[in-house]
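*Asks:* Structure below; questions to follow.
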Amino acid sequence: MKLSKYIDHTLLKPQATEKDILKLIEEAKTYDFASVCVNPSWVKLAYENLKDTDVKVCTVVGFPLGATSTASKVYETKVAIEDGADEIDMVISVGQLKSGNDEYVKEEIKKIVEASKNKLVKVIIETCLLTEEEKVKACTLSKEAGADYVKTSTGFSTGGAKPEDIKLMRETVGKNMGVKASGGIHTREEMEVMIENGATRIGASCGVELVK
């Protein structure tokens, strides 16, 4: 697979304007990235501009804290799919996970998978807030719930992707589930290290620099 197809070209800053999003979209077309990842209010715009290409539209749900209710996340997912999203990056309920409420976490992911209507679902586990044991549990629950990917980070918390976390996540989910590294990846060397450790997708706001 060519390097560009690993990349979700990402712009999730709250101050991003329509002009910024359109620039992101044009870059994704030019460099043939896997997707653009935008906030939900920009999904329609991205869909309209990408529907005749093979660049997917990715959006976020329960972002960035993961602390909204399951019902809210399910509704967000349904609206995003209606608006044209191909991929959903949902944030796990970190507090519920850390409280040992495994069934809550698993059922929530399962409901979002169902609401996504066979679109790709990636579960952001926010590795920087978890112990090693919690990282393993988050990955296991995501896999059991039918998600397609586990993802390291929102990029809005206390840390981003680390190679050792990618390695642990890959070992936990096995070879048939996707692993997405995101947060703090700024160079091609960093991206290649993530891929070597098992990442099958890279989330980055500097996608153009990564493939130049």
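In case you wondered, yes, glycine gets a Cβ from its N, Cα and C as well.
Reproduced below are the annotations present in Swiss-Prot:
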{"type": "ACT_SITE", "residues": "Asp89", "note": "active site, proton donor/acceptor"}
{"type": "ACT_SITE", "residues": "Lys151", "note": "active site, schiff-base intermediate with acetaldehyde"}
{"type": "ACT_SITE", "residues": "Lys180", "note": "active site, proton donor/acceptor"}
*Asks:* Given Asp89 (active site, proton donor/acceptor) and Lys151 (active site, schiff-base intermediate with acetaldehyde), what distance in Å do their CA atoms have, once rounded to a whole number?
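*Replies:* About 8 Å separates the two Cα atoms.
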*Asks:* Sorry to bug you, but what's the C-alpha spacing from the residue listed as 'active site, schiff-base intermediate with acetaldehyde' to Lys180 (active site, proton donor/acceptor), rounded to the closest Å?
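*Replies:* Lys180 (active site, proton donor/acceptor) and the residue listed as 'active site, schiff-base intermediate with acetaldehyde' have their Cα atoms 4 Å apart.
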*Asks:* Where does Asp89 (active site, proton donor/acceptor) sit in DSSP terms: helix, strand, or coil?
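*Replies:* Reduced to three states, the DSSP call for Asp89 (active site, proton donor/acceptor) is strand.
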*Asks:* Would you count the other CB atoms within 10 A of the CB of Asp89 (active site, proton donor/acceptor), including those on all shown protein chains?
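*Replies:* A count of 28.
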*Asks:* So if I measure Cβ to Cβ from Lys151 (active site, schiff-base intermediate with acetaldehyde) and keep only same-chain residues at least 6 apart in sequence, which ones fall under 8 Å?
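*Replies:* When sequence neighbours closer than 6 are ignored, Lys151 (active site, schiff-base intermediate with acetaldehyde) has Asp89, Lys122, Val123, Ile124, Ile125, Val179, Lys180, Ala181, Ser182, Arg201, Gly203 within Cβ distance under 8 Å.
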*Asks:* For Lys180 (active site, proton donor/acceptor), list the number of other Cβ atoms lying within 10 Å of its Cβ atom.
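*Replies:* Around the Cβ of Lys180 (active site, proton donor/acceptor), 28 other Cβ atoms lie within 10 Å.
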*Asks:* According to DSSP, collapsed to three classes, what secondary structure does Lys180 (active site, proton donor/acceptor) have?
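*Replies:* The residue in question, Lys180 (active site, proton donor/acceptor), is strand (DSSP, three-state).
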